[in-house]
Amino acid sequence: MEKEKWWFNSMLFNRELEYRCGLSKSTDGIGPIGNTNGSEDPVIDKNIHCWGDSDSSSCNNVDRLFGVRGIRNFISDDTFLVRDSNGDNYSIYFDIENHIFEIDNDRYELESSFSSYLNSSYLNTGSKSNNHYYDRYMYDTKYSWNNHINSCIDNYLDSEIRINSYFSSGGDNYSKSYIYSYICSESVNSIANASSDIKTSANESDSHESDSHMRGKYNDLDINKKYRHLWVQCENCYGLNYKKFFRSKFNICEQCGYHLKMSSSDRIELSIDPGTWDPMDDDMVSVDPIEFHSEEEPYKDRIDSYQKKTGLTEAVQTGIGQLNGIPIAIGVMDFQFMGGSMGSVVGEKITRLIEYATNRSLPVIIVCASGGARMQEGSLSLMQMAKISSASYNYQSNKKLLYVSILTSPTTGGVTASFGMLGDIIIAEPNAYIAFAGKRVIEQTLNKIVPDGSQAAEYLFHKGLFDPIVPRNLLKGVLSELFQLHGFFPVNSNSIK
């Protein structure tokens, strides 16, 4: 029985046609037809990238149009359809062997070929009922060929490049394939297998192994470094996010919704009303209280390097500001600074923040992102757990004020064992890694396997470890409602956004 196949540009699963990705450089500058000399105006709506052994760069907007049997009888293997920024569609004939590159906006030949294909298909089968394209379009005057072609293009311009495909390896079941596109460049010549860039859910038992293999493939690509200034790669689905808009989307992956790590400065900028942020104790820096000895790098030098790298003085930023007009005291930990580890300065800054909020009767927010106590400061770092907890007790129990703890990924160690879990309301981000001891430490200490996902926010939520799980883009609104519910209102009602 003949099986229907969906052809991606007549060649995705056909290794003998991989050379057609060479179209890339010739079409990079396609604008309104007539401009084939590489215009600076990026006129292609979006990119469809290459998977193959070719050394060429990306193929621009080569759209998948039809899924009919015998498609090769309908259109040449070297003919593609593209769309420019004006929404006009053109057929492109490309022959890499004979160095032929032709662009045509006259669809007469294309329509004729398609009509001939339908007629021949009808004659061969002897029944038009076997060809739904024939039935729908050959005799129904409501449809014009132009509308049909445009409709086909629109149906396949999927921003996620998610297409139902039939695996060329055989089988009767259709599967959803997710084609992970990346920018192909001249440097990408190590990818030898086109199917290695396709993640499929067809075989769930091999998903973990394929994910690890895919992660290795992506991490080995030089392109990740070359285009790091343009794209941010998701840790979960390995998809690419445009860096220019990534922060405005709260560092949430557009492909899968995964929450990537976020700097303390970005959190403050996106959470606190503009012009209201007033930092506290930002000149407080760490010293080497126990003269920690390290064969690799002295503690002071390591602090200096992180200060230069992050632009911060320590692993937490504290201050006061307004959230939708409501005055608050907030501390935001930054995992980029020595893993957000809690040393004496971190503990002192958070303690002073809570004491200030106690005196001013302000609600407190602490955003946790930490690997735990800082080992370079020994017992002094452990003392910060008790010091912060003591200040929090006076704030919450004696003054009856509101403390909201926000757990982000990761929140572990001494932070989890102290102020991270002391909030009147404890909020977690989706998929946040929350634990006291990490998975590796537990497995090495107890010689037991820690199940995957047992330290994720969703699992711990069902165990009652915290209150709600709130997506990052909704957090500001949720906090505003919580504060008003507990009697903290905007200083100016007009400032509510």
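A Cβ is built for glycine as well, from the same backbone N, Cα and C atoms used for every other residue.
As given in Swiss-Prot:
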type	residues	note
DOMAIN	230-497	domain 'CoA carboxyltransferase N-terminal'
ZN_FING	234-256	zinc finger
BINDING	CYS234, CYS237, CYS253, CYS256	Zn(2+) binding site
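Listed in chain order, the extra residues whose Cβ falls within 8 Å of the Cβ center of the Zn(2+) site residues CYS234, CYS237, CYS253, CYS256 are GLU235, ASN236, TYR238, GLY239, ASN241, GLU254, GLN255, GLY257, TYR258. In the shown protein chains, 15 other C-beta atoms lie within 10 A of the C-beta of CYS256 (Zn(2+) binding site). DSSP states for the zinc finger (234-256), grouped as helix (H, G, I), strand (E, B) and coil, give 7 helix, 4 strand, 12 coil. Residues near CYS253 (Zn(2+) binding site) in space but far in sequence (CB under 8 A, at least 6 apart, same chain), listed by position: CYS234, ASN236, CYS237, GLY239, ASN241, HIS259, LEU260.
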